[in-house]
Every structure is written in structure tokens, then in C-alpha cells.
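Annotated in TrEMBL:
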type: REGION; residues: 1-43; note: region 'Disordered'
type: REGION; residues: 525-544; note: region 'Disordered'
type: TRANSMEM; residues: 135-152; note: transmembrane segment
type: TRANSMEM; residues: 158-179; note: transmembrane segment
type: TRANSMEM; residues: 200-223; note: transmembrane segment
type: TRANSMEM; residues: 229-246; note: transmembrane segment
type: TRANSMEM; residues: 316-336; note: transmembrane segment
type: TRANSMEM; residues: 348-368; note: transmembrane segment
type: TRANSMEM; residues: 416-439; note: transmembrane segment
Amino acid sequence: MSPQPAPDDLAEDKERETNVLIEAAPGSPAKAAEEGDGHGHGRPPPSPVAWFRMLARELHWSFVFGVVATYGISQGLGGGISRVASDYYWKDVQRVQPSVAQVYQGVTSIPWMVKPLWGLLTDVLPVAGYRRRPYFILAGFIGVIAMLILALHSKLHALFALLALMTGSASVAIADVTIDACVAENSIVYPHLAADMISLNGFCSSVGGLIGFSISGFLVHAIGAQGALGLLTIPSALVILSGTLLKEVHIPNFPYEQAHKKFVEASGKMLTALKCPEVWRPCVYMYVSLALSVDIQEGMFFWYTDRSAGLSFHEGFIGFMFAIGSVGSLVGVILYQNILKDHSFRSLLFSSQLLLSLAGMLDLILVLRLNLKMGIPDYYFAVIDEGVSKMINRIKWMPLLVLSSKLCPTGIEGTFYALLMSIDNIGSLTGSWIGGLLLHLLRITRTEFKNLWAAILIRNMMRLLPLALLFLVPRSDPNSTLLPSDLLNEGDDDEAQRVENVELTSLPANRDSCNDKSLHDCQIQEGLGGERDDDEASLLANRS
């Protein structure tokens, strides 16, 4: 009687069989590279339209619509209008000093620092059996209410105005963390599309910002800052719509009594991941690089619009200038997607940080009026300055986003991605508050700008300091796996169930086209749509 194979041998045979089927599945990395469908290496990169179609086909159209609604319309278009309208709101309606406006702008970003809370909620606490839909709808409703309060109350106290703007910021943050959870989840399931999804986010954000900034100045001029803020109810309503249309698997009979346990488990996983050198080292760099990129934009804005000591730019030109900044940001996305995305994190961050410091000198040339000695009018030079600065900022930001998506442990992708983004936002807040303190110490007020050049020079010098910490950033490129295997494989049983319920990812194959195939083959071909057993789901998660 021949000996029976050991259990380990059976597991290896099953793994090899499953891997063969997964490799042959539509949308898999191997199949993509073999067929040359745009994200493999068999053919040149697809056109933008084909690229969008490919993402909608493989990741489901509702995911793409959610990205467009959240990044393109809510953050991009709405953020462009909000940026200009809120600047004029603090300057002309509330009549505060530049240093105070700089601090207030930082305060409104506080909801972005508690993104891990929103991430925990979306990951472990479904509402009415859904993980994502309710949070999109909640985000949209509170955004509508906050913007209506700002638009309809003509004599709102500064404190309540600040609270309303914070609520509007929370609306965008909750929608952002919900779609980010989907991006991180899809990055695990489709690692070959991780950079494409980040590029999609950046593309939508840049195009939306371009449109928003282009019309913001005219809106402020025509209906005032409060009226422009009132129009932001429209992006919030579209976020509600994206939540309503979202394709999501219903989770019946969710054990809500175990939610506390899941919160504790997720928090423990986050702490374990943060103790890993592969995670905390990049986090330290991301925070320091953003904190030392001091923000003095409010001082520049007051100088741009001052009619005696400044450049006396009107609302329409301010919006146009920021729109050119969005064009520069879009160019940065295109450069990253087509040229820079395969470069190592360390080399790209070194170059972008150095260029960011050098680009800041354009502000110094403008404030010292050296551009006039070069024969370049203020209008043209300000537009060039904004476009170049935003392009370099976007090139610096893109690898940080990809790096963050690669640092998410299995099972808590949305929560941990939100935690990393909150670290970035705390860094940006620190930079904004340092900028407000700098404006205050240099006595830059609503009408006094003689020390503005010194603030710019100090800011540019501080931007060079993060270069000393680049050793904390991995040398690897975006196609590499950064986390150790124990963090990627932790909680396979939970992840197996989660992968079955990934709601925003779909492959082209369907069960009707599988009549002549075995059920097992169909389940692998469908990727996430079949009722796989736990072993196959775990294998798919582990390979991703």
C-alpha cells in the first residue's frame, strides 16, 4: 500500500493549482502582462479614455464614479471654490489679520487628523449591513448643512463660522477616508493597479481643482464669498449620490456586540504595524517633510489683494492664478504617471524636495519686484510662480501617497491608510501654524508687508531640512512589497471573509459565461464575485 501524502504536500498541491487558476484569471498581473492590456508591459500605455475604461472594467464603474465624486468634485472643484471663497470670507467678512487667518485655515483641517476614527468606523462598524454607503451619505448631509449655515447667516460670529468650516472639512474628510479605504483595499487585491488608482485620484483632483479655481474668482465677485460657499452644497449632494449608487455587498446579521472587540483588535494591529521599522521610519519622514514645508499662503494672499502696498489682484485673477496652479498640479500627475512612477521613493523625494525649495525663490523674486527688472509683469510672473510650485508639490505628494498605500497591513487597510494620511495632515497643520507664528513674529498684517520677503526666505531654507532624513525612506520602487510577511499575512481568516465582500471590485467574467467550466474555475475567474472557500480567498489575499 503506497503511503498517503502528508497534509503539507496536499496544501502545496492545492496552492499550486489555485495559483495557476489565479494567474489565468482576467485582470491578474500575469494575464495583464501577457495580454498587454495597458497595465502590463506587452503594449504601450493606453490612451486616457482607454485607461478610464480599463479601470472601470476591472475595479467596477461605481468605484470610478466614487473617485470622481469625492476627489474630482468634492475635493477638487469644491476645494478650489472653498479655497478662494474662504480666503475672502476671512479677509472681507470676518476681517481678521493674515496670521489669524493662517491659524484658522489650519484649524479647519483638524477633522482630517482624526481620519483613523473614520477609518475604524468604515472597517469594523457597518450601518444597516453596509460598510461604505452610510458614511458617504453621512458625509454629504453634514456638508450640505454646514455650507447652508455659512451662506444664509449674514452676521455669524467668527467662532461659529470656524465651527461651520470645520464641519464642512469633516464632510470632505469622511468621504475621503471612505474612498481611500476602497483604494487601499483594491491595492491589496490588485497590486499592479496601485499606482494607476493613485494617478486616477490625482488626475480627478487636479482637473476638478482646475475647474473650481477657474470659476471661483468670478463666483466670489458675482455673489460674494458667502454665496460661493453656499454653492458647495452641490458637491456634498453628489457625495450622497455616489453613496446611494455604490455597488456594495449587504452584510446581514452583523454581530454589533462584537464591534468593541473589533475596535480593540484593529487598534492593536495598528500599534503592531507602527512598531515595525519599515512603517515608522517613512512615517517620521512624511511628518517632518510636511511640517517643515512652512505655509505662509495667507500672508501672500493678503499681499496679492492689497490695493496700496500689494499687487491689487482682483477676484477673477486670483481664481485664474489658482486655476493655473491646478494645471501645474495636473502636469505633475501626468509626469509622475508616465515618467516618474517607477523611480525609487528615495530618489524621487530627494529631487522633489530640492526643487520645492528652489521654486520658493520665485515668491521672493515677486515680492522684491525683481521680476519687473527682468521685464516680466506681475500678472505673468505670479501665474508662472503658482503653476511651477503646484507642479512640484504634486510630484512630491504622489510618491508619498503610493508609499502610504504600500504600508497598509492586511485586514485594516482603510484604517491604517487613514492613520498615515492623518500623520500627513498633522504635518501640514504644523507647517500652517508655524507659518502663522512666523507671520506674527515678523509683524506682517493686513496692510504691512515689508518683512514678507524674510518670511519667504526662512520658509525656503526650512524646506531643505527634510533632506537630512531621507535615509528613513526605503530605496525600493512602487512595484515592491515593503511590509514584512507577518504583517501581510496576519489575520488571514478575517481577510478571507473580507475579500469575499469587497464591494467595489469586479472582474469582467460572469457566471453566465462559465456554463462549460467547472464551478471552481468560475470562482477563480470571477476573482471576488464567487463564493470561494476560505483557503482560496486567503491565497488570493496573500498573493496580493
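Here the Cβ of each residue, glycine as well, is placed from N, Cα and C on the backbone.
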Closest-packing stretch to the transmembrane segment (316-336), where packing means Cβ pairs under 8 Å, from 135-152, 158-179, 200-223: 200-223
Maximum Cβ pairs under 8 Å to the transmembrane segment (416-439) - stretch from the list 158-179, 229-246, 348-368: 158-179
Interface-richest range of 158-179, 229-246, 348-368 toward the transmembrane segment (135-152), CB pairs under 8 Å: 229-246
